[in-house]
Protein chains: 2
Amino acid sequence: MEPRVSIVTLGVHDLDRAVRFYEAMGLTRHAGITEGVAFYQMGGIILSLFPRGELAKDAGIDPDGSGFSGIALAYNTRSEAEVDAVLSRAVEAGGTIVRPAGRAFWGGRTGYFADAEGHLWEVAHNSTFPIAADGSITLPD
Amino acid sequence: MEPRVSIVTLGVHDLDRAVRFYEAMGLTRHAGITEGVAFYQMGGIILSLFPRGELAKDAGIDPDGSGFSGIALAYNTRSEAEVDAVLSRAVEAGGTIVRPAGRAFWGGRTGYFADAEGHLWEVAHNSTFPIAADGSITLPD
């Protein structure tokens with residue numbers, strides 16, 4: 001296994017609602033493949049929105065599940081102010097604040113939102129994890 | 001929000017067991033930050049393993065949850081044979097096959113495994129989504 005992730009697929013209850021949320025967050029849906037799925041080119045990886053039941057069916061598993069997913073995505077910002085801006089935008093887009101912006105235990109600024117389907121995103125500014133112009137993030141030496 | 005994901009955090013019940021799994025998959029744990037967390041540089045993003053209860057606490061939510069998480073990560077391979085190889089390696093590493101390798105509804109070859117903590121990974125060969133030498137994947141035009 002090479003050190004990479006290709007696609008992050010978020011199972012959604014309402015694909016149109018999920019698409020509206022991420023569009024309102026400023027992402028552009030891939031125009032080429034739109035039948036029952038939404039793809040977003042996110043730098044070198046792909047974000048996919050796919051009906052939750054279809055995802056479970058594709059994996060051959062029971063679609064039932066509730067409570068905490070056990071997974072969080074993180075969007076690291078280029079400034080502390082951007083943490084607040086992204087969280088505000090998430091609310092305007094139809095998401096909810098899970099944890100308001102504040103000081104992180106590791107020293108930076110952090111908050112969490114849930115997207116319109118309930119998926120958990122941390123929004124964090126961590127000056128020790130540099131972000132390149134192309135959006136890639138690097139662990140410190 | 002720029003089109004990027006910075007970190008994917010998998011909440012784990014047993015951090016040492018999770019680390020052993022990903023080490024056996026061929027990933028190298030970041031040596032710089034190891035206190036209660038494991039980081040992996042995955043191309044331009046970071047994979048993080050963090051105790052599930054700590055993750056819920058950090059987000060300020062109830063840690064309870066069961067059944068399907070509603071999320072799948074995908075590792076796209078450079079060949080069809082590599083799908084089978086990665087799935088086999090996942091079993092040797094302490095994971096389980098969720099869906100054996102076979103033909104995908106979209107035409108390629110695909111299978112799913114669960115890591116040692118139950119997190120779902122699709123392993124897929126999709127010749128229409130090119131993978132660069134650096135591991136980045138691109139949606140087709």
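Cβ atoms here come from the backbone N, Cα and C positions, even for glycine.
Annotated features in TrEMBL:
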DOMAIN    A:4-126  domain 'VOC'
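Within the model, the domain 'VOC' (A:4-126) shows a mean pLDDT value of 97, rounded to a whole number. For the domain 'VOC' (A:4-126), the number of residues in each DSSP class (helix H, G, I; strand E, B; coil) is 31 helix, 47 strand, 45 coil.
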